[in-house]
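> In case it helps, Swiss-Prot gives these features for our protein:
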ACT_SITE  35  active site, proton acceptor
BINDING   11, 12, 25, 33, 34, 35, 122, 123, 124, 125, 126  substrate binding site
DOMAIN    1-175  domain 'Macro'
């Protein structure tokens, strides 16, 4: 496990990985936060690809993930996953958040990619408590990686200092 999980602070649209995960909304049509940043950086072809996915299968439900081209991003693909809206933790939010990470990793593996960058899913406008979300992210990704050789590298890309420090602390615990 050591060395396969990395924590960085910065702009996920500038990370050099095969795949960037987008914390999308169910419509897949872009929005605020990381979703808006990824759509702006990728250009109109990402929105066009999302429209095709939406026409084929409708909205993306919480915990689910879909893959599209990456548009103008350096990445080869974007995986759009919808995390849960925090409703106090009694509406299956932990399972849905774990599913968002796991289903994204399954798409990375199924498409033969070696590296993926995750944002802190659901911790923005969806209001998931950051520490709890970070714990679920690490547990889910670590569990996945212990049983599979792919992806070779997973990056947690934290935009803000609070998430960065939470993820750094967890990385230290998982590397021990």
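Note: Cβ is positioned from N, Cα and C throughout, glycine not excepted.
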> Among 11, 12, 25, 33, 34, 35, 122, 123, 124, 125, 126, which the record lists as binding substrate, how far apart in Å are the two most distant Cα atoms?
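This binding site's residues have a maximal Cα-Cα distance of 19 Å.
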> Rounded to the nearest angstrom, how far is the Cα of residue 35 (active site, proton acceptor) from the Cα of residue 126 (substrate binding site)?
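Approximately 12 Å lies between the Cα of residue 126 (substrate binding site) and that of residue 35 (active site, proton acceptor).
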> Can you give me the average pLDDT across the domain 'Macro' (1-175), rounded to a whole number?
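Mean per-residue confidence for the domain 'Macro' (1-175): 95 out of 100.
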> If you skip the near sequence neighbours and keep only those at least six away, which residues in the chain come within under 8 angstroms of residue 11 (substrate binding site), Cβ to Cβ?
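Looking at Cβ-Cβ distances below 8 Å from residue 11 (substrate binding site), excluding near sequence neighbours, one finds 37, 157, 159.
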> What's the number of neighbouring CB atoms sitting within 10 A of the CB on residue 126 (substrate binding site)?
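The answer is 20 other Cβ atoms.
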> Relative to the Cα of residue 35 (active site, proton acceptor), which of the binding-site residues 25, 122, 124 has the closest Cα?
25
> For the binding-site residues listed here (25, 122), which one has the lowest count of neighbouring CB atoms within 10 Å of its own CB?
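If we count Cβ atoms within 10 Å for the binding-site residues 25, 122, the smallest count is at 25.
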> Tell me which residues of the chain lie with their Cβ under 8 angstroms from that of residue 34 (substrate binding site), as long as they are six or more apart in sequence?
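12, 22, 23, 119, 124, 159 - these are the non-local Cβ neighbours of residue 34 (substrate binding site), listed in sequence order.
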